[in-house]
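Asks: Here it is: the structure, laid out below.
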C-alpha cells in the first residue's frame, strides 16, 4: 500500500474513532457557500471558521465560476437552501504562472510534471504527450481582483441564479492568512 | 453587514492573528489530491488528516469527475507535481434525491429553494422560473459505489492523465466519519 494511502486511512481511523457528527442534517446549517481554489495552502474551514455541517465548499483550480461551479451553486441554493455565497481567490496562485498556449504546448510534448524557473515552464522530458490540451480552457488568471470580480459578475448574471443572493468577493492572502475584500466584486455581488 | 459575513470575517481575524504558514510553497507537500463533494458535513482536511500545504482539494456537487475536475487534476499533476489522487463520494448525498428531469422541472417553475418530503421535491412558489436548467447536466447519483467507479474510470482513461497515477475510490460515511473503499474503483484506478 502506498505511504500516502496508509497515512490517509490512519488519519481517518483517528477522526472516526470519536466521531460525534452522525446527526448533522444534509442542508448546510449556516446556509452559505464558499467557492475557492484547490490550492493546498488554503483550508476554508480554518480561514473562514467552519465546522462540519456549516457550509458548502466548492473548489477547483483558481476558484473559478465554471459551468461546474454554477451547477454546484444552483444545487446549493435551489435544493439545499444556502442564501449567501463567497468567491475567494488567493495571492500567489498557480493559475497566474501560465496561459492556455503554454499549457497546450507543455502537454503536447509530455504529460509528465513540468518544472518552472525565472524563464518560465519547462518540460522534464519528451513524450508521451497529447494534443488534447487545446480542447480545455484552463481559465488562467492575470489579476486576482479582476478574476474575482469577473466570476462574481458571471454568477450574478446567470439565468438560474435568483437576484436576491448576495455574492461576496475576497482574496485570501497566503502570506498573512487574511481575507481581503475586492470592493468591485462585492459591489457587483450586491442585491439590487 | 450580514451576520454570516461578519462571522466569517471575525473567524478569519482569529485565524490570521497567529498565522505561521507564510512560508509554505505552492506545490502540495504530500503530493496528492482529493476530489470530493461540496457537502457541508464533509471536511476533507479533518477526515483525511490534512494540514495547510499538504494536498490539493477539488470539490463540486457529488465529487464528480467533470471536465472542470479533470482541468483541475491535470493542473495538479502537470504543473504542481501531485502523484496520487482520491475520488471520495459519500453516503446520504443530495445528488441521490433528484434527477435531470426533476431539477429542470423545479427550476422552470421557480428559482427559489424547493422543499422535499417522502413524496419528492416540491417548489415553494410559482416563478420567476427559468427553462435554462435543461442545458445543464446535473450529474445526479443512483448508487455511490457505481458513481465512484465511473469517475475513477473516466479519470484514468482521460488522454491528458498519465497512466502511472494511481486513483483510489472511497465512500465517506456521514454516520461514522469512516472512509470505505470501493474495490471496483480502486481496481480500475490501479497503475497497470
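Every residue, even glycine, has its Cβ placed from backbone N, Cα and C.
TrEMBL lists B:37, B:39, B:90, B:93 with the feature Zn(2+) binding site.
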Asks: What subset of the binding-site residues B:37, B:39, B:90 has a Cβ positioned less than 8 Å from a Cβ of chain A?
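Replies: Correct list, in sequence order: B:39.
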Asks: Other Cβ atoms within 10 Å is the metric here; tell me which of the binding-site residues B:37, B:93 scores highest.
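Replies: Top count of Cβ atoms within 10 Å goes to B:37.
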Asks: Within 10 Å of the Cβ of residue B:39 (Zn(2+) binding site), how many other Cβ atoms are there?
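Replies: For residue B:39 (Zn(2+) binding site), the 10 Å Cβ neighbour count is 28.
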Asks: Enumerate the residues of the same chain, B:37, B:39, B:90, B:93 excluded, that satisfy the criterion Cβ within 8 A of the mean position of the Cβ atoms of the recorded Zn(2+) site; list them in sequence order.
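Replies: So the additional residues around the site are B:36, B:38, B:41, B:42, B:62, B:63, B:89, B:91, B:92, B:94, B:95, B:172, B:174.
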Asks: Counting across all protein chains present, how many other Cβ atoms fall within 10 Å of the Cβ of residue B:90 (Zn(2+) binding site)?
Replies: 24
